[in-house]
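A.B. asks: Before I ask anything, here is the structure I am working with.
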Amino acid sequence: QDGRSSFIGHQLGGVMEMPNSKDQRVKSARAIQITYYLQTYGSVTQDLIGEKWESEFCKLMHKMQLDHQDLQLYSLASFSLWKDFHQTSLLARGKVLVSLMLILLTATLSSSMKDCLRSKPFLGLLGVLTICISSVTAAGIFFITDGKYNSTLLGIPFFAMGHGTKGVFELLSGWRRTRENLPFKDRVADAYSDVMVSYTMTSSLYFIAFGMGASPFTNIEAVKVFCQNMCVSILLNYFYIFSFFGSCLVFAGQLEQNRYHSIFCCKIPSAEYLDRKPVWFQTMMNDGHRHSSHHETNPYQHHFIQHFLREHYNEWITNIYVKPFVVILYLIYASFSFMGCLQINDGANIINLLASESPSVSYALIQQKYFSNYSPVIGFYIYEPLEYWNGTVQEDLKTLSQGFNTVSWIEQYYQYLRVENISATNKSDFISILQSSFLKKPEFQHFKNDIIFSKAGDENNIIASRLYLVARTSENTQREAVELLEKLRPLSLIQSIKFIVFNPTFVFMDHYGLSVTMPVLISGFGILLVLILTFFLVIHPLGNFWLILSVTSIELGVLGLMTLWNVDMDCISILCLIYTLNFAIDHCAPLLYTFVLATEHTRTQCIKNSLQEHGTAILQNVSSFLIGLVPLLFVPSNLTFTLFKCLLLAGSCTLLHCFVILPVFLTFFPPSKKHHKKKKRAKRKEREEIECIEIQENPDHVTAV
């Protein structure tokens, strides 16, 4: 009505044009997008008033939607993204507690045996509680040091639990491998010497990998904050397991040595006394004496996971008829992984980080449906005095805004001068006509807020101004918007005109400029670090080679499969990729190095012994980890869905490699065990000669020999 002329192409969605019209007149539009800018002056009071207005506005829109069912109204205010982003934490509180209960239950059951003397249910329980205490301590340190919480930190308890429980279950396995006739202090010492070296090494790798993420090289602030907190959690995890859980292991060992019940902590009666009692009492107080035979060397072999691996799984996976199917399975796995890696989607989608049923998600979905032909409105802010009347400056501004539809006071003013046939080639004329004539007209009054004047004496100056840019885009709006950022920002550094560009969605889009390169760099550096560290710590170089090969296979598998599962490269998936690298090392390294350094005369026997030694701890940890992820499925948030998908793939791919791929591939690839076979034959021949001499010299002790 006031004669204002403005570009509104980006505000109309689902447009239908008049048929057979020469100038493309709009017949109808399915959607309209209206933007309100609240005026504030930077004071705290103004900000509070603005926030209150926005809150009331959103409530009003919701009420109007209920009153007018024929209309679909969606609102988005400046605080909406922040509010809906943090809503995930509130929604996930109960589910995280359920996860903890499930992990506690799984750890307790998997550490139990029928043997009431050697069963260690409380150690599994205390191990998980140890990780919980360390995570709470890390959170306390984080908040004491003025850390700012955000929903991405929701992944830290799961990351810390996946690494911490591995140390707990490995210590339990190390205890089971010790000799029962040793004093409990010596058994604890043997368990520590067997396990804590590798656990120290993997904890160091976690610390270094996440330390890189926390370094100044990381440009994503959310990733930096997460990695800082993760480093503290890993450090505390290590010391809590080393000290607190170690003392729990000592206490449990003392109870076992003194023949106390592992649950009721009462003295286990003798076998003669048990034989006179009912069956239920014998079952509760059974210490394994009925199941053990004269040739039983290790009563811990009755643990149900160890028994399953030794008696059933080891023989099945090393069967010659199973191996071809495993090779085919790996080829399928590698094909899908490679196919997924070629389709990595690094587009910034805000929806992936918000609660599923939040107003922001509804708004974003409608905007993508109807308004994807244009980029977000980009604010172009010139923050220094310019000679706008100068022809060169005018050409520079035209060059910068080339390819955009502009909503600009500058263009409108130049057009006004041409229409009115007015010349304004010097500063005084340009500013006086702008203030006294142009901005007084009703159709141009709205530009007053886009120009900041200052007065020095009798002279007026333009110290800053702004205009708005809208770019025409294709269906892939987010990717093109990121490309616009990459195009405009370098220009702000090299051009003579000092400006900045901004839109609220840029905060999210900034995460994706390095979304592919950052995890690749950190993963590559981590693998290189593993190679360097293991080169000095492990004698056999093939151990390093197999570890790097396995970790690379798992990392690429997770990356490819999560792409095929429609997971974008957002903040959470980047952190999960960094974690996958360390999680794979955590589980593959002990298995591989035990195999490489084994002295059995066949590869098959070496891999069987490796699985028997470390398979129980790996299966306990990965199963606890995966079961703990299940409640995340019931949190109505895209962020937790992404976390669930990525961690499920990390655990599944690691389990697949440890129990299926590596046990088969190691049986027909180097390292060879022939030199061990020759040494063993020589030792056996020498031992037989010694035994023969003993038999001849002591004919009365033949049976003993």
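Each residue's number is its place along the chain shown, starting with 1.
Here the Cβ of each residue, glycine as well, is placed from N, Cα and C on the backbone.
TrEMBL entries are annotated by machine, without manual review.
The following feature annotations were taken from TrEMBL:
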- 96-251: domain 'SSD' (DOMAIN)
- 122-144: transmembrane segment (TRANSMEM)
- 156-175: transmembrane segment (TRANSMEM)
- 196-214: transmembrane segment (TRANSMEM)
- 234-252: transmembrane segment (TRANSMEM)
- 520-539: transmembrane segment (TRANSMEM)
- 546-566: transmembrane segment (TRANSMEM)
- 572-596: transmembrane segment (TRANSMEM)
- 617-635: transmembrane segment (TRANSMEM)
- 647-669: transmembrane segment (TRANSMEM)
A.B. asks: Pop the mean pLDDT for the domain 'SSD' (96-251) in here, whole number is fine.
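C.D. replies: For the domain 'SSD' (96-251), the model's average pLDDT rounds to 87.
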A.B. asks: Grab the same-chain neighbours of the transmembrane segment (196-214) for me: Cβ-Cβ under 8 Å, and only residues 6 or more beyond its ends, written as numbers and ranges.
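C.D. replies: Non-local partners: 163, 166-167, 170-171, 223-224, 226-228, 230-231, 234-235, 237-238, 241-242, 522, 525-526, 529-530, 533, 537, 575, 578, 581-582, 585-586, 589-590, 593.
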A.B. asks: Short question: most Cβ pairs under 8 Å with the transmembrane segment (647-669), which of 122-144, 156-175, 546-566, 572-596?
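C.D. replies: Going through each listed stretch, the top one turns out to be 572-596.
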A.B. asks: Before we move on, state whether the transmembrane segment (617-635) and the transmembrane segment (156-175) share at least 3 Cβ pairs under 8 Å, counting only pairs 6 or more apart in sequence.
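C.D. replies: Answer yes, regions in contact.
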A.B. asks: Quick one: do the transmembrane segment (572-596) and the transmembrane segment (122-144) have at least 3 Cβ pairs under 8 Å, skipping pairs fewer than 6 apart in sequence?
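C.D. replies: Stretch pair does not touch.
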A.B. asks: Give the nonlocal contacts of the transmembrane segment (546-566) in its own chain as ranges (CB under 8 Å, at least six residues past its ends).
C.D. replies: 333-334, 336-341, 343-345, 523, 527, 530-531, 534, 573, 576-577, 580-581, 584-585, 588-589, 592-593, 596, 645-646, 649-650, 653-654, 657, 661-662, 666
A.B. asks: What parts of the chain pack near the transmembrane segment (156-175), using Cβ distances under 8 Å and only residues at least 6 beyond its ends?
C.D. replies: 96, 99-100, 103, 107, 110-111, 120, 123-124, 127-128, 130-132, 134-135, 138, 187-188, 190-192, 194-196, 198-199, 202-203, 206, 226, 229-230, 233-234, 237-238, 240-241, 245-246, 249, 253, 575, 579, 582-583, 586-587, 590, 613-614, 616-617, 620-621, 624-625, 628-629, 643, 647, 651
